[in-house]
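Colleague: Right, I'll just put the structure down here and ask away after.
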Amino acid sequence: MDSLITIVNKLQDAFTSLGVHMQLDLPQIAVVGGQSAGKSSVLENFVGKDFLPRGSGIVTRRPLILQLINGVTEYGEFLHIKGKKFSSFDEIRKEIEDETDRVTGSNKGISNIPINLRVYSPHVLNLTLIDLPGLTKVAIGDQPVDIEQQIKQMIFQFIRKETCLILAVTPANTDLANSDALKLAKEVDPQGVRTIGVITKLDLMDEGTDARDILENKLLPLRRGYIGVVNRSQKDIEGRKDIHQALAAERKFFLSHPSYRHMADRLGTPYLQRVLNQQLTNHIRDTLPGLRDKLQKQMLTLEKEVEEFKHFQPGDASIKTKAMLQMIQQLQSDFERTIEGSGSALVNTNELSGGAKINRIFHERLRFEIVKMACDEKELRREISFAIRNIHGIRVGLFTPDMAFEAIVKRQIALLKEPVIKCVDLVVQELSVVVRMCTAKMSRYPRLREETERIITTHVRQREHSCKEQILLLIDFELAYMNTNHEDFIGFANAQNKSENANKTGTRQLGNQVIRKGHMVIQNLGIMKGGSRPYWFVLTSESISWYKDEDEKEKKFMLPLDGLKLRDIEQGFMSMSRRVTFALFSPDGRNVYKDYKQLELSCETVEDVESWKASFLRAGVYPEKQETQENGDESASEESSSDPQLERQVETIRNLVDSYMKIVTKTTRDMVPKAIMMLIINNAKDFINGELLAHLYASGDQAQMMEESAESATRREEMLRMYRACKDALQIIGDVSMATVSSPLPPPVKNDWLPSGLDNPRLSPPSPGGVRGKPGPPAQSSLGGRNPPLPPSTGRPAPAIPNRPGGGAPPLPGGRPGGSLPPPMLPSRVSGAVGGAIVQQSGANRYVPESMRGQVNQAVGQAAINELSNAFSSRFK
């Protein structure tokens, strides 16, 4: 049985010494009580030595985890001083004081950091106890004003655990109903399953009082009962009275005291030590299955985390080489999966992957950037008009000059360089993010990660430069030759016949299909109408609708997209909103939404706004183009030219440019993503798979590159310690035989027959610190002296006859509830009690019924026998 306590001590030491916090509540006994209640004295009596600090005020200022182990030699060990044995218990006391002051200071401060002390002695039973600070009311020294609450919280930190037994220490010379220890225990253990009562200072009670009712578990009963002890007095301590002599004096006190001699074998420090040993052993046995389950769960969690650490040896070069190869292979698979996409088991459902973001750049952002660079209709016609007139010069042209078409188209094609270069920059930026994410698993080796990122980034930058050259070369190809014989080109004949309401550049007939859904905020709603708030928007090729939420059941409004354009909204410096805003508006100035000229929409980030703009672009809503203002009357006169032949030529060139630019932009949107994929992304993937490892070996010393970071080494050691401690703990617990015999927990205390509040004068036992009732005058019998006079009442049951078989109290007269109450109080009180004997009230004697008189005679006779036996026993002892 004691091996169970030893096991828990080993677990406690293993976890504490390794610095492992396993979230396991190991079975222990916490000693709780008020200040100067005698807690430390009880612990010293267990050990048989003076080793705990003493003094006035609060002395125990840190929890002391005391492990008592039965051994051949007598010495102590502290967990914070490993390997040092303290043979002198005076040195142990000094070390406790010094260690307390190191953490809390020397001016009565407190701390919840425990001190672990293990005491080996042939005079102790295996126990694990926690000495906690005593409850105090007033702060002294540098203690905070809420010292009482802090101490309570510290105590609750230990006793609220279901695996902790509570040793509630209460002095006998105080009222048990006001016991701080029992009050705290009641809060966390209302059923009393874990609480053991200890009554100290029994020898200091007032003369004529005793704690028999408490020790017999009749006053404020506990499920595990009370045990009384007698500690050394302050005079004994100052006189260096040996604890063994004190234990002998304690035994003599209980054997000689008339109120305690009948239960002397169930009182005293040795009995308390045996009870605690048995109770703790049983408690450990009951909690071991749950402890094993927690350890197994911890083990399963730790096994996944330490799988890569199990066979790791920091000094082994082969293991480092293997680790490098494994991480490069992991990088290759992660990079490819991020770019190409992953299977259903590994797909990320929280955010877009790098490949998905690059896809959005190709098909949304590039299209949007190209359209932003295009001129609007009015600007384009003005440029065509200038080109035609400048080509003709002083001559009057009879035919539409094709050189004007070529000049305008080249200007439009040259504008494509900026958006395609920006597309390359966006892809490279996203690719750098992907590389950083994929190398995150190399964080254990910061130099390796840094070198890997440097090599890959350098290669990507080189490919970026090459890709930009090739893409600009594609634009130069378009500038070098105008293929007016293209099958999709409209031609001069069709251009002249085309109406001026021809399709605008880049438009597509999509039908009324849904293009995008998502949340946006309408910014320009008035305060009286609810202010800005988020809505669920549905964008189609013909309209945009918004709903209250994504269920799309309550539609707020539907806005047609015909003739609308986009513009950015700049937030003023007084604006409190940090959201990015854009607006839908009509170029002709009509109201767009109710009384509003524009509908202002906002998103959280710039990326979201740009994505929405690209979606609007697919629906045919283009960004606003700022018109350049010309100065002078010449510009006004040029723009107001009304030459019908020039207007026809402008319209023809306009249709030709529109048709040819559709071909060029279509080719550009198709070829740019292909060039980026081949020259950057696929090349980077091939580089990582085929050349990265060689560059790493050539870059420097692999031993330095594979040095662990301090954080990773600390975490690895901690994880391995936790894993080994958990594994050892499971092995220790697994070796325990669960066939041990334990005493069952006592049944719950039944006191429902007691009157509420114990206020009945016949049944109410006195408090330990109170004075028992003084004897009243002898009652006169109405039978003329047939019966002997009643003895004065002592207010308690009669003393027991020594060495009676069973050690219990004498048989009680029948008729009492449960047969376990003390005899009724004799008629010495002027209280109006009825049916007890002859009661004197207002000078008149009243007779007692015959049946009750017989019971009184029987009790009196038994009391006389007991007193005679006690006197005889003490005389010839």
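Any Cβ shown, glycine's included, is placed from N, Cα and C.
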Colleague: Which of these ranges is annotated region 'G3 motif' in Swiss-Prot: 111-114, 131-134, 379-382?
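Modeller: Of 111-114, 131-134, 379-382, Swiss-Prot gives region 'G3 motif' for 131-134.
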Colleague: Looking at Ser743, Ser767, which residue has the phosphoserine feature per Swiss-Prot?
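Modeller: Annotation hit in Swiss-Prot: Ser767.
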Colleague: For which of the residue intervals 200-203, 216-219, 452-455, 852-855 does Swiss-Prot record region 'G4 motif'?
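Modeller: It is 200-203 that Swiss-Prot describes as region 'G4 motif'.
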Colleague: Have a look around Asp206 (GTP binding site) and count the other CB atoms within 10 A of its CB, chains all included.
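Modeller: Taking all protein chains shown, Asp206 (GTP binding site) has 12 Cβ neighbours within 10 Å.
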Colleague: When you scan the chain for residues with a C-beta under 8 Å from the region 'G3 motif' (131-134), skipping those not six or more beyond its ends, what do you find?
Modeller: 30-37, 39-40, 43, 52, 58-64, 66, 110, 151, 154-155, 158
Colleague: Can you break down the region 'G5 motif' (230-233) into helix, strand and coil residue counts using DSSP?
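Modeller: Helix, strand and coil residues of the region 'G5 motif' (230-233) number 0 helix, 0 strand, 4 coil.
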Colleague: Can you tell me which parts of the same chain pack against the region 'G5 motif' (230-233), counting only residues 6+ beyond its ends and a CB-CB cutoff under 8 A?
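Modeller: For the region 'G5 motif' (230-233), the nonlocal Cβ contacts are 38, 41-42, 45, 200-204, 241, 243, 246, 249-250, 253-254, 268.
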Colleague: With every protein chain in view, how many other Cβ atoms are within 10 Å of the Cβ of Asp203 (GTP binding site)?
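Modeller: There are 16 of them.
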Colleague: Could you tell me which of these binding-site residues, Lys39, Ser233, has the greatest number of Cβ atoms within 10 Å of its own Cβ?
Modeller: Lys39
Colleague: Going by DSSP, give the three-state secondary structure for Gly33 (GTP binding site).
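Modeller: It is in a strand.
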